[in-house]
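Reading through the structure tokens given below for one structure.
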Amino acid sequence: MEGTLSEGEENKQSNKNRKYRKEKPWDNENIDHWKVDKFIREDNKHHFLEESSFKVLFPKYREKYLQQFSTDIKSTLNKHFIKFEINLVEGYMCVRTTKKTYDPYIIIKARDMVSLLSRSVPFNQAKRVLEDETFCDIIKINGYIRNKNKFIKRRQRLLGSNGTTLKALEILTNCYICVHGKTVSLIGYFKSLKIVRRIVIDCMKNIHPVYHIKELIAKRELEKNNHFKNENWEKFLPNFKKRNVQRKKIKQKLDKKNGKRKSVFPPDQLPRKIDIQMETGEYFLNQEKWKKEKREKKSKKEITDIMVDKTKQGSKASS
């Protein structure tokens, strides 16, 4: 039929971008590129030349919990030849390498573990970060929205009623999620961490996590079927369009007495007695009368004072 291409022509079109690219030994479908190989003692037989250390602050309310689990934290880090210190006076935890440490990346893993503990992640979950195929991510969610009430509502949306949406995300992504304060702490495989980070940021940008959950369920079903392995999944995934929801317009109520629309603004302030007198001019006339009366009273007082002084002088002269 006309309009159809043969297999050779299709391959030519697809390989147009890879015209000068040579085949590499890792261009094989059987190789898992996401796999992380374990670091053994034989890979690095010598000790480090310099000591590396990290200090992480923790809040005061976390002090009691960390003091309780300090021995467990020390024992787990000692297995990887990392020294752990906790200062309750200044409120910080410190991890540093020793002469026995052979893994160069374990100090970063220890730092991540300590920072997760300070972010209210339980010890049983935080120690998983020390494994080779487990990673962590701390997302600061307070910068995506200014309004405090909106921030609380969207953070609650991520948790769901009785933590249902959070549990659903944990099951679908095989990732531990801890929402606390202004941060979201994640522990899991870095492929799933990338997905959860996108969901959390979208939630703070007013995109409900339910849409992402539906998409993840659809992807999981498609992964099981080998027939759809090399096909485009866009037509199978749910497509949610943005809608501009029209809100109800507030109708202005009619005043029953006058039959007029009530104004949105408050009524004008009623005039005082002095304001009315000033408008009519009565206030200024009264002021003139008041001045006259004041003068008369003053003159009368002066006369009485003179009379009193004269009587006093006459009584003194007679004596």
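Cβ atoms here come from the backbone N, Cα and C positions, even for glycine.
Note: TrEMBL annotation is automatic and uncurated.
The feature compositional bias 'Basic and acidic residues' is assigned by TrEMBL to 299-312. The domain 'K Homology' feature in TrEMBL is assigned to 133-205. Summarising the annotation, TrEMBL assigns region 'Disordered' to 1-24, 292-319.
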Predicted model, mean pLDDT over the domain 'K Homology' (133-205): 93
Tally of residues which DSSP labels helix, strand or coil - the compositional bias 'Basic and acidic residues' (299-312): 14 helix, 0 strand, 0 coil
